[in-house]
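According to TrEMBL, the features are:
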- H95, D133, H342, E346: divalent metal cation binding site (BINDING)
Amino acid sequence: LLPSYLPPHLVSRPLSCIRAAGRSPSRSLMNLGELVSALNNFASLSLAESWDNVGLLVEPSPPHIVKTLFLTNDLTEEVMEEAVQKKADLILSYHPPIFTPLKRVTWKTWKERLVVRALEHRIGIYSPHTAYDAIPHGINNWLTKGLGACDSVPLHPSTSPSYPTEGTHRIEFCADTAEHLETVLSKTKDIQEIFCLTTFPVRVEDKEQTRVSLNCSQKALLEVVALLSQNSLLDHKTEILILQKPLLPHTGMGRLCTLSKPASLSDIIERIKSHLKLPHVRLALGTGKTLDSPVKKAALCAGSGSSVLKGTEADLYLTGEMSHHDILDAVANGISVILCEHSNTERGFLSELGDMLTVQLQNKINVIVSEKDRDPLQVA
């Protein structure tokens, strides 16, 4: 029976309609392949460093439907149990839990156990890692917000992965006889990493010849040059070009930030602590610098920034961790260093990432952030 206090215009409606009026539309689902494709569109894996292990690392048997995407910076066993309890279907772990190859999957080591637990509960694992470092809307961009208003550019810009074509070099040469041409073309088939081989007729010194153009890798270039030398085709008409790929705007590793208004080092420290929600940071003062010294330019890199920051001229380096000797080098050059511990310069991005992915995925699935994920280092 319907309550007597309902207004007449609602009493005539079916009960299901009354319930729907106060409920937000339910989320739909996504197939794992569709979701992975969307994640790759959000941040192209081609932007990741060559040494990295990114993308879908653990895949349950298909079909696999994703209702809940679970975000974490580090996938520890404690975080995995949290993901199981929260019925995650896919874990996006910023750091890849599988980095060095696994020779077996047993219960012996904690990383093997992660794979076992994931497959037991039909949970996929995806890692973007350095692809998120490079993108304009990624972790390093988020970290710049801790400095205050500033303009930033990548320290090591990314290049377009597939432009203008495959290969690092182009070599062009002429074959003056059909026999020479046939010999060289047949032997190039045995050389790996040769791309886009074309031939076209040309007239050289009033003689009809065939011009050969091919793109290749650095390794293949040495083999092609040796082949041409053996067949007496390496002469002044041979051209070797380096294929330069265009830089991608606002994309790359690290950031060099120019503050809109210079701020004292002590003010910058407080801004960073506030942004990262940390009670303290570690500081190495550059030679001749004090807490009152102005900071106009700051170079930063989330995580471990030594290799990215090294040699950059700035007033300040901001990163999670650096080697002892790289800190000494920076200090000797008058550059102050702020260290926040590795994952503390990354983890806060997850909340912003969750909002962006909700929009990217058109609110189709539930996106949640781990509550157990934390930096392993504490001050005792």
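Backbone N, Cα and C atoms are what each Cβ position is placed from, and that goes for glycine too.
One way to see the shell of the divalent metal cation site is to take the Cβ centroid of H95, D133, H342, E346; the remaining same-chain residues with a Cβ within 8 Å of it are N73, Y94, H129, I139, A302, G303, S304, G320, S343, T345. Neighbour list (H342 (divalent metal cation binding site), Cβ cut-off 8 Å, at least 6 residues apart, same chain): G303, S304, G320, E321, D375. The Cβ of E346 (divalent metal cation binding site) has N73, Y94, I139, A302, G303, G320 as same-chain neighbours under 8 Å, each 6 or more residues away in sequence. Within the same chain, residues at least 6 positions away in sequence whose Cβ sits under 8 Å from that of D133 (divalent metal cation binding site) are I139, N140, M253, C301, A302, G303.
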